């Protein structure tokens with residue numbers, strides 16, 4: 001059994017359902033400390049975060065490459081639907097099954113073993129290796145990576161490169177990396193009306209009828225055209241609720257929850273202003289609360305993307321694709337202190353599902369890609 005596979009299994013065996021780390025990070029610290037990493041644990045509201053650093057011979061003047069990831073996993077769902085226990089690593093048909101196998105304990109194991117091999121081969125490496133690991137990526141993400149980034153900002157520390165181990169591969173291992181992510185902003189809209197008997201509409205004010213034209217305009221609006229890296233911004237309704245459940249009562253208010261996934265072609269302020277302008281144009285009386293869960297970030301082609309593309313090509317023979325599709329990730333926080341943030345990891349087809357798994361044959365190549373990037377950028 002390879003060292004990467006063994007460590008992956010050790011991590012899967014720890015039932016680290018968010019935000020409980022289940023001492024996964026303690027296991028990582030033992031391995032990293034043996035390599036000479038300095039480390040600190042940053043705890044916040046039940047969340048465990050790890051920042052570990054091994055300086056190269058160039059000291060603080062050298063380039064810093066960070067590996068970022070999360071030890072927490074999503075809940076298992078109904079246990080009876082799993083073919084094998086989710087926290088008992090199980091091999092079947094060339095696959096390793098277990099919650100977190102693909103998202104993202106294999107990536108973390110790959111980070112660690114790649115660093116071990118790199119340090120053994122390059123004991124006098126010039127640049128710095130760092131690890132940023134959290135147990136709050138699958139949850140609210142309010143006490144995890146963002147807290148470490150804030151602490152680093154206060155100390156004036158920065159990263160030059162960061163690889164986030166998210167499972168980005170789509171159809172084949174290595175076929176896709178993420179060099180950016182769209183921003184996410186949600187709105188909770190309450191349109192006010194006047195409740196009344198449905199037989200006497202002249203004595204009431206139906207908020208659903210008032211809302212409908214504005215809603216149609218919001219749905220039809222083209223928010224931007226996207227750009228070279230991002231598709232156009234999207235606006236989607238997630239929930240609509242109104243009424244008491246009775247068939248003879250005009251409701252007093254209508255509630256709508258919606259979400260923007262927006263590119264670097266738009267801004268938070270600009271999108272909010274346009275929504276308010278449409279609602280105001282239709283003469284609505286309303287309350288609107290906004291929640292921005294992440295700003296868009298983008299890493300243009302550069303040293304990190306080139307090194308990762310070459311590493312993937314050398315390891316798999318594939319020409320990888322740069323993409324910004326998908327949901328948000330902790331890369332949105334890291335981008336505040338790092339100009340080059342790229343996500344790369346295993347196939348994502350089974351993540352968050354019953355019987356999550358990773359192809360055993362992909363585990364060593366994953367580690368090798370990470371090691372090849374270290375060799376190119378900080379040896």
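Just so it is clear, glycine is given a Cβ too, placed from its N, Cα and C backbone atoms.
Keep in mind that what you see is a predicted model, and the values were worked out from it rather than measured.
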Listed in Swiss-Prot for the Zn(2+) 1 site shared with 70, 166, one of 20, 93, 103, 224:
103
Quick one: which of 276, 282, 352 does Swiss-Prot put in the Zn(2+) 2 site with 103, 138?
352
What three-state secondary structure does DSSP assign to residue 70 (Zn(2+) 1 binding site)?
strand
Let me know the DSSP-derived helix, strand or coil state of residue 103 (Zn(2+) 1 binding site), please.
helix
Hey, what's the Cβ neighbour count for residue 352 (Zn(2+) 2 binding site) at 10 Å?
14
Can you tell me how far the Cα of residue 352 (Zn(2+) 2 binding site) sits from the Cα of residue 103 (Zn(2+) 1 binding site), in Å?
8
72, 103, 137, 138, 166: which of these recorded positions has the sparsest Cβ neighbourhood within 10 Å?
138
